Amino acid sequence: MTFRHCVAVDLGASSGRVMLARYDSKHRTLTLREIHRFVNCLQKTDGFDTWDIDSLEKDIRLGLKKVCNEGILIDSIGIDTWGVDYVLLDKQGQRVGLPVSYRDNRTTGIMPQALVQIGKSEIYRRSGIQFLPFNTIYQLRALTKQQPELTAQVAHALLMPDYFSYRLTGEMNWEYTNATTTQLVNINTDDWDDTLLAWTGAKKGWFGRPSHPGNVIGDWICPQGNRIPVVAVASHDTASAVIASPLANKHSAYLSSGTWSLMGFESKMPYTTDEALAANITNEGGAEGRYRVLKNIMGLWLLQRVLKERRITDLPALIAQTEALPACRFLINPNDDRFINPDDMRAEIQAACRETDQPVPVSDAELARCIFDSLALLYADILHELANLRGEKFTQLHIVGGGCQNALLNQLCADACGIRVMAGPVEASTLGNIGIQLMTLDELNNVDDFRQVISANYDLTTYIPNPDSEIARHVAQFQPKRQTKELCA
């Protein structure tokens, strides 16, 4: 078959898309077309920040039906989402309650309990995952302690992409790359860790053994009656994004830039040393047995909140105003946990500047400048941490995802990090999702083969560092800004 048509469902914390890919195996060309885009936002339910899971499923099905109604024969479907959140099911496979968002405050104070009762080193030795207060391990502990009556009804727990695959196929699956984000998978066995799971109060029977990307979960029957295989892709969106990052060699790092920024490198071995623990490095699962050694950064969430609060719709105009402002007048630590979900992001940023005896950003452009400068300096700091961890410097940084369209931030990143930045592709998560589908259909050999397809089909933008820039001169001064309560213990 010359042409393949694969559908990627890519759900982010603020929006979702159903994308159609067309792959010409003879010429190795790959094109994407957006079929359906929809909003994903939090809602308050019984005092919790929850996801409108039924609305998301409705939009997924609508997007799939749109493809089928065009007369296109779909070869496969794959679903990727954000990590750590889950859906509870009863014995009949029906949903129990609504999935609570990782941004809900129910996990406040839970992680310190684990550090005392299990031990930080022991948790890290078992999982290799960074300490974030909203990891699934702490969410489940909050669930079982705070809602025992709900817990009693539970027979299964599915992570978000696995739930949507289940709703399409009727088959349950626990995909490995996303499962590792829970901090509940043992890094040595690739299975759920009995000790960590027991601490949460959740039953091991809620979960099946994690499966690696590339297996067919089951079939979705389209309106025309065709059975379409649903593939377990690298269902954590960052895992998919890394697959589509055209990393040149071992000296290349990646930055998946969106609501969250995830900076790291690929490795065939995990890093679980005391140094890695001290730096709060995570070893999330990747495709083909690779590890995604990385750190979570709050990312463009801060900007998204400011845009929403200030009702700003013209982002390019705001960036143009921001670029005209002097650099580094206002600096914050974007990873300070005060920015996870404040009532008023603008006021929180201003308070952080005021508390550190800095000028206070007032205009929208000043707020954006504060966010961009601070992110770029944090990127540089973390890239330095990662280089020290592996004992080798990086020579190139690949920025992928929606954030790579921000030319100002890309240049600031290049200047602060002091290395060449390659930006693109924008639709990295979707493309990585498609890549695993094409491998499952035997159209591609492996991840490296797929990256050659990406390099041939998608243009990258290069940013050369300017060592004389204002932000480059502030790199050494930024470290004290990070002496705040970060997203870790």
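Note: Cβ is positioned from N, Cα and C throughout, glycine not excepted.
Look at Swiss-Prot and you will find Asp237 tagged as active site, proton acceptor, backed by sequence analysis. Less than 8 angstroms from the CB of Asp237 (active site, proton acceptor) sit Asp10, Leu11, Gly12, Asp80, Thr81, Trp82, Gly83, Ser429, each of them six or more residues away in the same chain.
Arg17 (ATP binding site) counts 20 other C-beta atoms within 10 Å of its own C-beta, drawing on all protein chains shown. According to Swiss-Prot, the ATP binding site annotation covers Ala13, Ser14, Ser15, Gly16, Arg17, Thr259, Gln304, Gly402.
For Gly83, His236, Asp237, Thr238, Asn296, the entry in Swiss-Prot reads substrate binding site. Taking a C-beta cut-off of under 8 angstroms and a sequence separation of 6 or more, Thr238 (substrate binding site) has the following same-chain neighbours: Gly83, Ser256, Trp260, Leu262, Glu284, Arg292, Leu294, Ser429.
Mapped onto three states, the DSSP output places Cys68 (disulfide bond) in helix. The Cβ of Cys68 (disulfide bond) has 18 other Cβ atoms within 10 Å, all protein chains considered. Summarising the annotation, Swiss-Prot assigns disulfide bond to Cys68-Cys222 (among others) and lists sequence analysis as the type of evidence.
Listed in sequence order, Phe330, Leu331, Ile332, Pro359, Val360, Pro361, Cys370 are the same-chain residues at least 6 apart in sequence whose CB falls under 8 Å from the CB of Cys353 (disulfide bond). If you look up Swiss-Prot, you'll see Cys353-Cys370 (among others) marked as disulfide bond.
If you look up Swiss-Prot, you'll see Cys413-Cys417 (among others) marked as disulfide bond. Around Cys413 (disulfide bond), the same-chain residues at least 6 positions away in sequence with a Cβ under 8 Å from its Cβ are Leu255, Leu375, Ala376, Tyr379, Ala380, Leu397, Ile399, Val421, Tyr463.
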Task: Any further residue of that chain within 8 Å (Cβ to the Cβ centroid of Gly83, His236, Asp237, Thr238, Asn296) of the recorded substrate site - done: Trp82, Asn178, Thr181, Ala239, Ser256, Trp260, Leu262, Glu284
Task: Cα distance (Å, whole number) from Cys417 (disulfide bond) to Ser15 (ATP binding site) - done: 30
TODO: Using only the residues recorded as binding ATP (Ala13, Ser14, Ser15, Gly16, Arg17, Thr259, Gln304, Gly402), report the maximum Cα-Cα distance in Å, whole number please.
DONE: 18
Open item on the list: On the three-state reduction of DSSP, what should I expect for Ser15 (ATP binding site)?
Closed with: strand
Open item on the list: If I take the alpha carbons of Arg17 (ATP binding site) and Cys417 (disulfide bond), what is the distance between them in whole Å?
Closed with: 32
